[in-house]
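Colleague: From TrEMBL, for reference:
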SIGNAL    1-21  signal peptide
DISULFID  C31-C46  disulfide bond
DOMAIN    60-210  domain 'Cupin type-1'
BINDING   H108, H110, E115, H156  Mn(2+) binding site
Amino acid sequence: MSNKLIFLGFVALTFACLAFANEPKPLQDFCVADPNASVKVNGLVCKDPMQVQAEDFFFSGLHLRGNTSNPVGSRVTTVFAAQLPGLNTLGISMVRIDYAPWGQNPPHIHPRATEILTVLEGTLQVGFVTSNPDNRFITKVLKKGDVFVFPVGLVHFQHNVGNGYAVAIAALSSQNPGAITIANAVFGANPPIPGDILAKAFQVDKSVVEQLQSKF
């Protein structure tokens, strides 16, 4: 009997851990973010429901092309809870990504979200890398109307392999998915990661690391 209770307790604890591994579900119809609240919480404080308006659930601008005049040749327009307060606690968000010819959304991760991407215009090579020890590179070329999913926390990218502009829309399973661009984080950390650590990690001369750090 005691073994059965221990087993049932373990199962209950396992499911509890799985439940808390994702963003908590809302306990009311909505919790529109109040950007003026001084209280700090894990997320955003709710606005008084009686003060909520239709504009709190509305965002306009995804029809506009983002400015891709930058070194990587892409621009991400975000629709997170900060831009659309009605998303607060709903566990979802979206982005528009514009790509110049041969531009890319460089390798990055979303620590809190799975991403599902749809190509609206152009041709994109996309891919992600699985976790250690396999580090498998899974990639595919997408055309207009194609859909691809990037699992939460895995390094992934998109690259415009066409001569024209490309556009994609992506949904993410968090109101604030976060983004860590690998090159920026490794070579542009503030303060910098010591050069000898990166030189050993990448198996290159320290001068190579210093040259890369100077670019970020």
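Every residue gets a Cβ built from N, Cα and C, even glycine.
From a predicted model like this one, the values you see are computed outputs, not experimental measurements.
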Colleague: Give me the CA-CA distance between H108 (Mn(2+) binding site) and C31 (disulfide bond), in Å, as a whole number.
Modeller: 30
Colleague: Between the Cα atoms of E115 (Mn(2+) binding site) and C31 (disulfide bond), what distance do you get, rounded to the nearest Å?
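Modeller: Just about 23 Å between their Cα atoms.
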Colleague: Which entry in the list of binding-site residues, H108, H156, has its Cβ near the fewest other Cβ atoms, using 10 Å as the limit?
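Modeller: It is H108 that, of the binding-site residues H108, H156, has the fewest other Cβ atoms within 10 Å.
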Colleague: Which residue, out of the recorded positions C31, C46, H110, E115, shows the minimum number of other Cβ atoms inside 10 Å of its Cβ in this structure?
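Modeller: Comparing Cβ neighbours within 10 Å for the recorded positions C31, C46, H110, E115, C46 has the fewest.
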Colleague: Excluding H108, H110, E115, H156 themselves, which residues in that chain have a Cβ inside 8 Å of the centre of the Cβ atoms defining the Mn(2+) site?
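Modeller: Here the nearby residues are I109, A113, F128, F150, L154, V155, P177, A179.
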Colleague: Would you mind reading off the Cα separation of H156 (Mn(2+) binding site) from C31 (disulfide bond), to the nearest angstrom?
Modeller: 31
Colleague: Looking only at the domain 'Cupin type-1' (60-210), what is the model's average confidence as pLDDT?
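Modeller: Here the mean pLDDT over the domain 'Cupin type-1' (60-210) amounts to 96.
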